[in-house]
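Under the heading coiled coil, TrEMBL lists 104-131. Summarising the annotation, TrEMBL assigns transmembrane segment to 24-48, 60-83, 89-107, 189-211, 223-241.
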Amino acid sequence: MMNSTEETASQSATRMMLAEIATFVSKVIITFILTNIQDVVILINFFLASSETDSIMESIHVVFGQYLGFSTLLMLSLFGYTISYMLPVKLFGFLGFLIIFFGLNGLRKLAKDLLKKRKEKKQAFERSQDNERVEFIQFESENITSKENLTFMGDIKQIVKVSLVTIANGNDNIAIYVPIFVQSKSWEIIAYAVGFLIMVGVLCFVCYYFVHYPLIFKFAQKYAQFISPFVFIGLGIYILIDSKCFPWLIEVLETGQWTYT
């Protein structure tokens, strides 16, 4: 049997180990929150878009897209030293233009839908009740057909769309994760990666249920199509400014030196 000294030493070692585990887990959670707090806005926006009645984007697209985008950022961070000599971190900031395009495209579709609805309302007053009924049936069948025609490639397109926005917003992820991984042991890097991926699921879960809270969900179904385009445009502009990609480009053009940080 262990004497009291050995037992005390064992308990002390156990407490230290638990304290180290708790500290490490806290570090993983805090690091994830600090580098992904902006993704809350992105996820809520995409979940709002998926809540629209005739939206081709579904919640599962948002989850898979977020995982794909974050996994890409994680891989770029894991191979930070190698990748940094090929793809400067600042370069990802220019993806902000792509997000602005998503927003402008959303505004174009919104204007087109509003004009179409206005035209249909005007035509409805000029038609008989029977014609209105036929038109309603045709309109519903077109919606059903468009839903049924959502192919595998259509699913991939929506997932990639979400992932590109996540990657564009991930400058700080790479900038912070690379030095953390460089200073960590192999098992710590694996623990970081697993912890971050679990936190992605938690983040998606929280944002999904926030959007699908009854009052918020009703609001989302009614107004999401009006809000989403402006959120994308604002987010794209923010990424272009926050990433400092333009000052980096100007410096490269002035000095002729291709910097990677």
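From the backbone N, Cα and C atoms, a Cβ is placed for every residue, glycine too.
The listed stretches are 24-48, 189-211, 223-241; of these, 223-241 has the most Cβ pairs under 8 Å to the transmembrane segment (89-107).
For the transmembrane segment (24-48), the partner stretch with the most Cβ pairs below 8 Å, chosen from 60-83, 189-211, 223-241, is 189-211. Averaged over the coiled coil (104-131), the predicted model has a pLDDT of 74.
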